[in-house]
């Protein structure tokens, strides 16, 4: 079909990239993310125009955080942008003069990993992103499954603990409250408060107090064998693996692809997740067990996936 542009709307920058049919990024253009909804639309158009210079572009795919309708045109609701029933497709098309599709950013990243990253060779995969929160995407039979209204795969808000921790969504006990970057930092702070003698390495990396602990400190301390840091990763993995076991019962994929910032830690995170997953998988000793694979595209997955989805007339069900 030719070259397409993928757009990734980040908290601080909007990135647009020209992507070929093999998932290669040929050029990129980045602009700062504005603070107002209409200015963000203008910034998306600016990023697209900057990236398309010198290329013949056939379509644009935009990855947006929030709920996107099944027609891939309107953002129902975006938690960090004041978009409510935002006709994003229509507005961007009017500015850039190209066909535009809009996709949930986690779905776009999942598609990118499935098509060009860790999911290559699989027909049925579940992707989860372990970052500040927890997101994901469902690919079954080589199709991205979005549900009847287009808002499936909000895995982070599956209720794991009835009457559990309060979530930013307004519910309680959501999975991302127990398996995410925020959860990891909370575990480390709690453990450092309770047993500071087991957190000396970790505390020394910050300001010397539990409140000063950051995610980057936990990674460094864990690799140095700090007991509190290692235990914090194990607790995160316990919840992540338990959730994967539930998803296996629902979807029976051949593989789980784990992406997001926490996946950059490699086997420090993935090995205990695999162990927890097998521990909680019903009939795990007697049935085939899906692989748990690290994502390969890093922060490029959303841009590449959005660009590729723009080529498809309707790949989503």
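Note: Cβ is positioned from N, Cα and C throughout, glycine not excepted.
Annotated features, as they stand in Swiss-Prot:
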type: BINDING; residues: 6, 7, 8, 9, 10, 11, 12; note: ATP binding site
Close in space, distant in sequence - residue 9 (ATP binding site), Cβ under 8 Å, 6 or more apart:
33, 40, 44, 62, 63, 64, 65, 81, 105
Find, among the binding-site residues listed as 6, 10, 11, the one whose Cβ has the highest number of other Cβ atoms within 10 Å in the structure shown.
6
Within the chain of residue 8 (ATP binding site), which residues six or more apart in sequence place their C-beta under 8 angstroms from its C-beta?
14, 15, 16, 63, 105, 108, 299, 302, 303, 306
So if I draw a 10 Å sphere around the Cβ of residue 7 (ATP binding site), how many other Cβ atoms end up inside it?
31
Around the Cβ of residue 12 (ATP binding site), other Cβ atoms found within 10 Å total 7
Could you find out if DSSP has residue 12 (ATP binding site) as helix, strand or coil?
coil
Which of the three DSSP-derived classes (helix, strand, coil) applies to residue 7 (ATP binding site)?
strand
